[in-house]
Each structure stands twice: as C-alpha cells, then as structure tokens.
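Taken straight from TrEMBL:
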BINDING   59-63, 128-134, Tyr139, Asp157, Ala258, Gly315, His365, Asp430  (6S)-NADPHX binding site
BINDING   Asn60, Asp124, Ser160  K(+) binding site
BINDING   Lys400, Gly401, Ala402, His403, Thr404, Gly429  AMP binding site
DOMAIN    10-213  domain 'YjeF N-terminal'
DOMAIN    223-488  domain 'YjeF C-terminal'
Amino acid sequence: MLPIISGEQVQQVDASYCSTEKISSLDLMESAAISFVDWLMPWISDCNKPIYIFSGPGNNGGDGVAIARLLKYLNQTVHLIYMKEVADCSQDFQDNFHRLPNGISVSKFDVWDGKIEKDSIIIDAVFGVGINRPLEGPYLSLIKILNKLGGLKISIDIPSGLPADQAAFGTVFKANHTATFQFPKLSLLFPEHAELVGELHILDIGIHDHFLDKFERGHFYLRQGDVLAFHRTFHRFSHKGDFGKVLFLGSELGKSGAINLSGYAALRTGSGLVHIAPFMEDPFRMIPIVPELMLYQDSSKTSLNQFDAIGIGPGWGMDVDKDYFQSIFARFKKPMVIDADGLNLLAKYPELLKEIPQNSILTPHLKEFERLVGESANHLERIEKASSLAKANKVIVILKGAHTLIALPDGRKIFNSTGNQYMATAGSGDVLTGMLTSFLGQGYAPENAAICGVFHHGLAGEIASKSKLRGMIASDIIESIPDTFIKLNVL
Ligand SMILES: NC(=O)C1=CN([C@@H]2O[C@H](COP(=O)(O)OP(=O)(O)OC[C@H]3O[C@@H](n4cnc5c(N)ncnc54)[C@H](OP(=O)(O)O)[C@@H]3O)[C@@H](O)[C@H]2O)[C@H](O)CC1
Ligand SMILES: [K+]
C-alpha cells in the first residue's frame, strides 16, 4: 500500500529520489509538469480555451511555469501570472522562468490588468505543500478573485492555501479538479475539504513507492494494485462449505430490505451459504429477495457458533432488547460485523464495547461515529478518534464516506480509493455489511476482509454508476460485485 507521507517529508523524498536516481530537482519538476500536461491535454485539446496559470514563489509556482512552457509547445493560448520578483522565487522556478518560450503572455500580479476571458481554464500553482501560514496580502486577494469565477479550475498538487496535513486554516482556492503528484496528501481526503479539492487525480511522476516507505507514519492509500494480495485463493475442489456459512440477524418489521440486501450482497461476494434471521414471530413467513437466501430463527439462548461469520445491526431500530443484543456477543465468539443500529446500541450501552469479539468490524458513517465517540472539530481529529477506538477495543473501525478510512487495532490507518458520490443511496451500507461478513465467512483474516470489502464495495459502486448515475440503487451495487472480481482478476 502507498504510504501517505507528510507535506514536510515531500522535500526529503524528492531529495532522496533525486540523489539515488542521479537527477536534479529541476528534472523532477519537469517530470511533474509532463505528467500534468499528459493528464490535462486529452480533455482540453479540442476546446481551445485560453489557459491562465497563476504561479506562486515556490516549487509549486515552478511547476506552473514549466507547465506554461509545455502547454505553449502544444499550441495552447497561455497566460502566466506570477506573484513575486523572479529573483526571490525558488531556484527551479527561476530556471523554468528563463526557459519560457515566446508567445506566452507573462505578467507580474501587481501590474496585471486583472482580465480573465470568459470560459477560460484556471490553473492554480500558487502554493503547494510548502504553505505554512494562512493566505494574506496579494495571495489572499488573488484567491478571492479566482474563487468568484466559474469555469474549469484546476489545482496543481493541492489547492493553494490548504495545508497538506491539517484542516484548512483560512481562505483556500476552490478547485473543480486537483491533480496531485505521486500520492494523495492527507488533507485532500478530508470530507470537509471536498469543495476545495473537487475531483482528485493522482499523477505518477516516477517516484517508486519504496522511496516513501522509510517515511511511513501509519497512513496508507489503498489502490487497485494492492488489493489482489489480500485475497484468498480457492481451488477446483473447493465446496460451498469452504466459502463459508454466514448469518444476518435482524431487521424490524418494515425494514427487512436491510438484511435482504446484506444477504444478497454476501451471496454475490461468494459466500457458500447465507441465512437471514428476521425479527418476526414466524421468520419463515418472510419471502427473501432471492431464493438462494435461507431463513433462520434466532433465540437469545442458542449458540451461533455454527456460522463462520455474522452481520448485525442493519434495519434493527432502537427497540432491540439490551439482553438480546448482549447475548449475541456471548453466543458468537468469532469476529463479526456491526453496522447501523448495532452501532447506535453500542453508543447507548458503551459498556458493551468490551464484550465485542476481538477483530470484529464496526462500520459507522459519520453520524453513527459521532454518536459513538462524540463530536470532532475536523476530520483529522475524527481519524485519530477512529484509531483510538480501534486500538482500545481491538476492533477494526471502518469510517464510511468518500475515501473510507479503515482504522486497524495496530494503529495503521488505510484510506480507500474506490467509490463515488452516487453510492450515497439507501441500503449502500447494508451491502457493505454483507460483503464484509461474506469475506470473514470465507476465512479471510479480519484485516483482509475489511480491506477487500471496502475496496470491492467502492469498485462495485463505480461500475454500477457508469450507466445509472444518480439513479443507482443499492441492488445495482450488488449486481456489479461479480464484475469487481473480474476486473481485479480474482478468480
Ligand atoms: N515529489 C513531488 O511531489 C514534487 C513536488 N513539486 C512541487 O513542489 C511543491 C512544493 O514546493 P515548495 O517550494 O516546497 O512549496 P510551495 O511551492 O508550496 O511554496 C512554499 C513557499 O511559499 C512561502 N509561503 C508559505 N506559505 C506562505 C503564505 N501563506 N504566504 C506567502 N508565502 C508563503 C514559503 O516561504 P516562506 O519563507 O515565506 O515561508 C515558500 O517559499 C509541491 O507542492 C509540488 O507542487 C516539485 O515540482 C517536484 C516534485
Ligand atoms: K496549488
């Protein structure tokens, strides 16, 4: 998995990479500029819109100047506005400035006429990871002007004004797209920064992952190439018992869709046998959404250990009896998945947290998480609280949302890269519960089940939303689960 290093460590990684590869920092800036232009050109080459690049005094500004040159070579109309005397800018900025070809309109900000043609493309290269204080003076004036404009606005590496590892501390450029180099900076993953970052793109500039390893500080980014290694393989003699027997408890009357979705998702994730146990006097009267689902009647006296994994919480409501809830932890001694009202009940009876079997997986969304651990000032605090909850109770906490966080009991924090806004639909969480429970039931180590469940869930959402967009529903996500295994070549 890709380590997410701090903004300060970026310079050290650059230096280590440049000295090992025997290249200059200017060469690395050139790689960054080339990767940016290669990424940008396919979707702007036909529109022929003027491009305005705003360059600050550091290497982020230097990237902007190098990009101005490359775009000019590609016959684009480029305006470069720089902020500080060239002699006071970083060396790589200066070297690039002196390489600018003719035909680019170049202005210093304090004498710039302030005109930006309608429908232009704005590229923000004012500050990168070197920002160390809130914007003020001309920088603040500029970003305020740019934030009022519409159109396509792209930040290089990080929206200017946003610190790499903390919550925003003042005015920040509002990008529609952020193209960040090599790895995502932590603050780009915070939900409260979504409006500043826009769509996030990670551009490879050639620095191999192992240059980041020695700076690793417990945060990781989960990419497609990482996931295969977490999967179990099965052979042609495997039978349905090998694929696990799982159970979903619950769903009060009127919410039986929840366990149906979880159960159906577990089947599509590969579970051999899937049972659902609706909270009804006669659970056998329920007709499951697919005939492959089996019905089960639970009582607070019977052991659940015949199952390989169970999922609890979806559709429960808050009327569930505390003794019944508590009995589950005594009757099932293996890792389980706890979601939705299962989490709300834990918030109501926090003394039960200690009774949860070790390595169980808790899957709160932000609101459920707040009920469990209280309010957080920002996502940084939330990430730390999730990690503390995981460590203190020896459970895995999956904090759902864009870039879902997996907080492991050993302190590692993993951010997911799959999924999109269309997954914010009723039942999406029930599907995740089903997938996680399925992986646990298939004998995956809980950490691997969490990683695979979260990644495949997001990927299934991406695949399903391609044709459905806003009309995507949770059942569509389930129908796309098999395609995720095909895409990852997990056979
Ligand atoms: N491997 C990579 O990811 C590469 C990244 N590159 C790019 O380089 C930037 C980081 O460049 P750096 O020069 O370290 O930082 P910035 O460009 O963000 O600028 C820092 C300078 O700005 C001053 N500063 C900081 N905050 C403010 C502020 N609020 N107002 C005014 N000035 C500010 C600071 O100087 P001070 O002495 O004034 O503190 C710095 O001079 C990275 O983001 C990438 O875009 C490389 O191109 C190559 C590879
Ligand atoms: K920037």
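Even glycines carry a Cβ here, placed using N, Cα and C.
In TrEMBL, annotation is done automatically, which means it is predicted and not curated.
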Point to revise | Remaining residues near the recorded K(+) site, that is with C-beta within 8 Å of the centroid of the site residues Asn60, Asp124, Ser160 | key: Phe54, Gly56, Gly61, Gly64, Ala125, Val126, Phe127, Gly128, Ser155, Ile156, Asp157, Ile158, Pro159, Gly161, Phe173
Check your understanding: Does anything in the same chain, at least 6 positions from Asn60 (K(+) binding site), have a Cβ under 8 Å from its Cβ, and if so what?
Key -> Ala125, Val126, Phe127, Gly128, Val129, Gly130, Ile156, Asp157, Ile158, Ser160
Review point. Once the DSSP letters are reduced so that anything not helix or strand counts as coil, what is Gly429 (AMP binding site)?
Key: helix
Check your understanding: Quick one: which of the binding-site residues (Asn132, Ser160, His403) have their CB closer than 6 Å to ligand 2?
Key -> Ser160
Exercise for review: Filter the candidate list Asp124, Gly315, Lys400, Gly429 of binding-site residues, keeping only entries whose CB is under 6 Å from an atom of ligand 1.
Suggested key: none
Exercise for review: Could you work out which of the binding-site residues (Asn59, Asn132, Ser160, Thr404) has its C-beta surrounded by the smallest number of other C-beta atoms within 10 A?
Suggested key: Asn132
Study note, to complete from the structure: Within the same chain, the residues at least 6 apart in sequence whose Cβ is under 8 angstroms from that of Lys400 (AMP binding site) are Thr363, Pro364, His365, Leu366, Gly429, Leu432
**Study point:** In the chain carrying Gly315 ((6S)-NADPHX binding site), residues 6 or more apart in sequence that have Cβ under 8 angstroms from it
**Key:** Gly250, Ser251, Glu252, Lys255, Ser256, Gly257, Ala258, Ile259, Ala340, Asp341, Asp430
Check your understanding: Hey, does DSSP put Asp124 (K(+) binding site) in a helix, a strand, or just coil?
Key -> strand
Exercise for review: Could you state the whole-number distance in Å separating the C-alpha atoms of Gly62 ((6S)-NADPHX binding site) and Asp124 (K(+) binding site)?
Suggested key: 11
